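Annotation source Swiss-Prot lists disulfide bond at 122-185, 224-280, citing sequence analysis. The domain 'Ig-like C1-type' annotation in Swiss-Prot covers 206-294. Per Swiss-Prot, the feature N-linked glycosylation site maps to 107; the stated evidence is sequence analysis. The annotation region 'Alpha-1' is assigned in Swiss-Prot to 22-111. Per Swiss-Prot, the feature region 'Alpha-2' maps to 112-203. Per Swiss-Prot, region 'Alpha-3' is recorded for 204-295. Residues or ranges marked as region 'Connecting peptide' in Swiss-Prot: 296-305. Per Swiss-Prot, the feature signal peptide maps to 1-21; the stated evidence is similarity to another entry. Taken from Swiss-Prot, the feature topological domain 'Extracellular' applies to 22-305. Swiss-Prot lists 330-350 with the feature topological domain 'Cytoplasmic', giving sequence analysis as the kind of evidence. The transmembrane segment feature in Swiss-Prot is assigned to 306-329; the stated evidence is sequence analysis.
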């Protein structure tokens, strides 16, 4: 199934200004999956400010257009959406050519389905200025080509990627991308933060508790829950007698709750009867100070936690991983700062 291969990543971020608390980043994820015998490849493009998806394009939609995914983007005029739609459609066509070219690089037949991914974005520092940029490309779920931290050179993972690296160097692609990341990306991130500040800049502290799950007569699992928090960055750790405890622990990835907030849990296996020696420590910027939790037998929830677990299992089947990467060639988009994300381009000559 095509949908199963379209992976979305919730972005990390860094601080903006002294007046805007929290972490902030702008990231775009583009994924194309070939469908032999079924027409054009499926192409999906999504944009995130921090942990919030704010735009989306899907060429399988009845009327393929870039559309808002956050209420604060609905105020944008038709000129913005027309421009972003054209750019997304152009990128979809470039991805189609890229898939064919990569298939040739790896000597693959036309019968199989292949996936091309591209991720790029920028982070801001505490002073509101550019802190770092990134761009990654992947083919069939594996790293292909990555722009290094200096934004001046590339890391190619194999001989096929080295072909792309040479072409990129000849076209001064790193220089073009660096200009976009350090300037245009930062400018648009500031604009989006201003437009969505009531949502993006708020803090929602986690609702926390610890549950107890017997494994046998000798062992039990303590699970520390953090629910309904925003932004997504959070730290859950277990300690035994005040010391860090990592043995027999399990930590799930932070997951969206579906209402704009996030969920996470961390579990530890403990000897029965020694539960009170273990404490869960929660750190989140929405909390005035870190929390320390213990299991409380008298207030152990029963039925409610079943619904929570079921919800997390369902979310785990939907949010299956991270998109990293995707197009091989890109040239600086015409119009410069007119676009909020850089346009991918490709030449299949070679």
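Here the Cβ of each residue, glycine as well, is placed from N, Cα and C on the backbone.
Feature annotations (Swiss-Prot) mapped to structure.
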residue : record                      : DSSP class
107     : N-linked glycosylation site : coil
122     : disulfide bond              : strand
185     : disulfide bond              : helix
224     : disulfide bond              : strand
280     : disulfide bond              : strand
I need the nearest neighbour of residue 280 (disulfide bond) among the recorded positions 107, 122, 185, using C-alpha distances. 122
Proximal residue to residue 224 (disulfide bond) among recorded positions 107, 122, 185 (C-alpha distance): 122
Confidence summary (mean pLDDT) of the region 'Alpha-3' (204-295): 95
Rounded distance in angstrom between the Cα atoms of residue 185 (disulfide bond) and residue 107 (N-linked glycosylation site): 36
Residues in the domain 'Ig-like C1-type' (206-294) grouped by DSSP into helix, strand and remaining coil: 3 helix, 52 strand, 34 coil
Taking the Cβ of residue 122 (disulfide bond) as the centre, count every other Cβ atom within 10 Å, in any protein chain shown. 26
Using C-alpha atoms only, work out the spacing between the residue listed as 'N-linked glycosylation site' and residue 122 (disulfide bond) and round it to an integer in Å. 35
Including all protein chains shown, what's the count of other C-beta atoms within 10 A of the C-beta of the residue listed as 'N-linked glycosylation site'? 7
Tally every other Cβ atom lying within 10 Å of the Cβ atom of residue 224 (disulfide bond). 26
Could you put numbers on the helix, strand and coil content of the region 'Alpha-2' (112-203), residue by residue per DSSP? 39 helix, 29 strand, 24 coil
